[in-house]
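If you check TrEMBL, you get these features:
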DOMAIN    19-149  domain 'Fructose-1-6-bisphosphatase class I N-terminal'
BINDING   GLU65, ASP88, LEU90  Mg(2+) 1 binding site
BINDING   ASP88, ASP91, GLU236  Mg(2+) 2 binding site
BINDING   ASP91, GLY92, SER93, SER94, TYR200, LYS230  substrate binding site
DOMAIN    165-286  domain 'Fructose-1-6-bisphosphatase class 1 C-terminal'
Amino acid sequence: MTVERIVRTVAETSLEVREGLAGRRGYEDEENPSGEKQLAADLWADELFEERLLDIESVAAYASEERSGVVEAERTSNGDGRYHVAVDPLDGSSNLRTNNAMGVLLGVYDSPLPARGRDLVASAYVLFGPLTTMVVAVDGSVTEYVLERDGKSVEMRTVTEELTLPDEPTVYGFGGRVPDWPAGFENYAREIETELKLRYGGAMIADVNQVLTYGGVFAYPGLESRPEGKLRLQFEGNPVAHIVETAGGRSSDGERSLLDVTPERIHQRVPVHVGNTRLIDRLEATLGN
Ligand SMILES: O=P(O)(O)OC[C@H]1O[C@](O)(COP(=O)(O)O)[C@@H](O)[C@@H]1O
Ligand SMILES: [Mg+2]
Ligand SMILES: [Mg+2]
């Protein structure tokens, strides 16, 4: 029930965020803790999620990509404060200027942050495409919803129950500049590109949604210039790994499930590879050579 409330709050707030993007496409002077420029929309969405999520009694703490520390809930007696939520308030926010797909990522952990992916009790993303959809992994199954505003309330209409990755993979999307890929990953990419179609749009959740829908593999690998890759474990790696694994696929940092990576810092980066099990098995075998 409480996890449901967290998911519903993110659904409602995400629609509000989507509706407020138009006037917030410019860059601010600030940088986030990962050293990236922040849009007005990044900061605004972060504040909305902080306010709405910390208002829920069972939420003990809020962390996001856009702020350095974890914000603890102030309450002392009401609520059990079991859940620690990590949010990427806008994933793929550089797509806002070009009006391409982007959205919101949520991880609900039952352990203080930074936490292991195995401590996730639910994860979700909201995708702002031609429709607003939400994919939620909880209690061992993945559900896809369409979010629609109905007056003041938001309807979460179920479109796919028990979502699983298709057996026959079709698409791939790999981030990072090609000359910056380590030799092992490049060898893998050269094989995959002869088998699957390229779909890469620069917003992880949109690219992962292609993989969930058509089957395939998404990766933002470790790079020569940055072996830890670009994506963040708490806000991006763990939640998508939890969703893809719950949908019957696999995740990997190159050696092990992302859900088993030891969390050391809240903004820690990690190489991300997710998709059909046999494609991730092959990736690990190729990288291991
Ligand atoms: O511009 P690049 O290097 O392709 O990076 C794209 C990746 O960066 C991200 O946009 C990072 O997310 P943020 O927008 O939350 O910083 C991912 O969504 C995406 O996979
Ligand atoms: Mg992101
Ligand atoms: Mg972001």
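Cβ from N, Cα, C; glycine included.
Caution: TrEMBL annotation is automatic and unverified by curators.
When the C-alpha distances from LEU90 (Mg(2+) 1 binding site) to the binding-site residues TYR200, LYS230, GLU236 are tabulated, the minimum falls on GLU236. In the domain 'Fructose-1-6-bisphosphatase class I N-terminal' (19-149), helix, strand and coil residues by DSSP number 23 helix, 58 strand, 50 coil. Using the Cβ center of GLU65, ASP88, LEU90 for Mg(2+) 1, the list of other same-chain residues with Cβ within 8 Å runs, in sequence order, ASP42, ALA45, ASP46, SER64, GLU66, VAL87, PRO89, ASP91, SER93, VAL104, LEU105, PHE235, GLU236. GLU65 (Mg(2+) 1 binding site) and SER93 (substrate binding site) are 12 Å apart (CA-CA, integer value). Separation of the C-alpha atoms of LYS230 (substrate binding site) and GLU236 (Mg(2+) 2 binding site): 10 Å, rounded to the nearest whole number. Across the structure, ASP88 (Mg(2+) 1 binding site) and SER94 (substrate binding site) are spaced 13 Å apart at their Cα atoms.
Cα separation, GLU236 (Mg(2+) 2 binding site) to SER94 (substrate binding site), rounded: 16 Å. Note on the domain 'Fructose-1-6-bisphosphatase class 1 C-terminal' (165-286): DSSP counts are 54 helix, 20 strand, 48 coil.
Around the Cβ of GLY92 (substrate binding site), the same chain contributes ASN100, ALA101, MET102, GLY103, GLY201, GLY202, ALA203, MET204, ILE205, ALA206, each under 8 angstroms and 6 or more positions distant in sequence.
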